[in-house]
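Asks: Pasting a structure here, questions to come.
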Amino acid sequence: NHPSCSSSSFILVGVPSLEAFPTCLGTLFCSGYIIALVGNGVVLLVVGVDRSLRDPIHCFLGMLAVIDVVMVTSIIPKMLSIFWLNSTEIGYMACFVQMFLVHSATSGESGVLLAMAVDRYVAICHPLRYQAILNRRKIAQIGLAIVVRALLFMVPLTGMVTNLPYCRSRVVPHSYCEHMAVAKLACTDPRPSGLYSVAGSSLIVGMDMAFIAVSYGMILKTVLGKKSCWKAFSTCGCHICVMLLYYIPGIVSIYAQQFGSSIPMHVQVLLADLYLTLPTILNPIVYSMRTKQIRQAVRKML
């Protein structure tokens, strides 16, 4: 136990209680990382190269791909060094930079998912006004709003956690610098930062899920009984499944870190890891490869 200062570091455990399986865990997350990089990289490449993919939905897909790459790159390389190289140490500032990137990306991803749901609502329910409502200026404003919201949430939280005095164990029982896992190492009461995190996350997730549900509800109401009904059900069903895989583990992870003392630590850590990695693997498949224009652009590029 040593007092923390700007030159000190933290020790990341990886997955508590599963330290005996580093090769298996490393292989699992490395495979997911490669799939996420390739999938999102292909999306960014075709959206950037093909001039026909300049409509709003493909711009949002590009934003989602960028966020996914930032999210997995922030955590998985360090996780692999823990599992395969036993390099568990992470610098003091590097830890807080990782924390900021990870949690900003999760807020940004939620915002993009909401924007994509609104885009589909406008495209299906108001097709004649689609280009007028979602013009380039509006897309830029939406992208800026997503970034600003993530910053407004994360800058105060990061400031609260970095200003805590750390004089206990430097061992973080997690595979990345999750803010509550780090805050619990402080000498003082970490509950203010925890309550701020829970309140802010609940507000962001709750609002986004409510608006997404309304958007898809309006879509289904519009197409019900029409020829395009089953196609809309298929598309919306896949999108909703991916959103549930993103939001449900995220919500459970947030509340488990704050209130779930009875939940085994390795379950909490694995849930948080899957919550960050699984959507980055599935997003390019569900949102992009199921889109006819992107499939055609990929075949044309190949």
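Each Cβ is built from the backbone N, Cα and C atoms, and glycine gets one as well.
Keep in mind that TrEMBL annotations are predicted by a computer and have not been checked by a curator.
Feature annotation from TrEMBL assigns domain 'G-protein coupled receptors family 1 profile' to 39-287. The transmembrane segment annotation in TrEMBL covers 20-47, 59-84, 90-118, 139-161, 198-220, 232-255, 267-287.
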Asks: By a Cβ-Cβ criterion of under 8 Å, what residues six or more beyond either terminus of the transmembrane segment (20-47) are in contact with it?
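Replies: Same-chain contacts beyond the flanks: 14, 53, 58-59, 61-62, 65-66, 68-69, 72-73, 76-77, 79-80, 82-84, 86, 273, 277-278, 280-281, 283-285, 288-289, 294, 297-298, 301.
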Asks: Average the per-residue pLDDT over the domain 'G-protein coupled receptors family 1 profile' (39-287) and send me the rounded value.
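Replies: Its mean pLDDT is 86.
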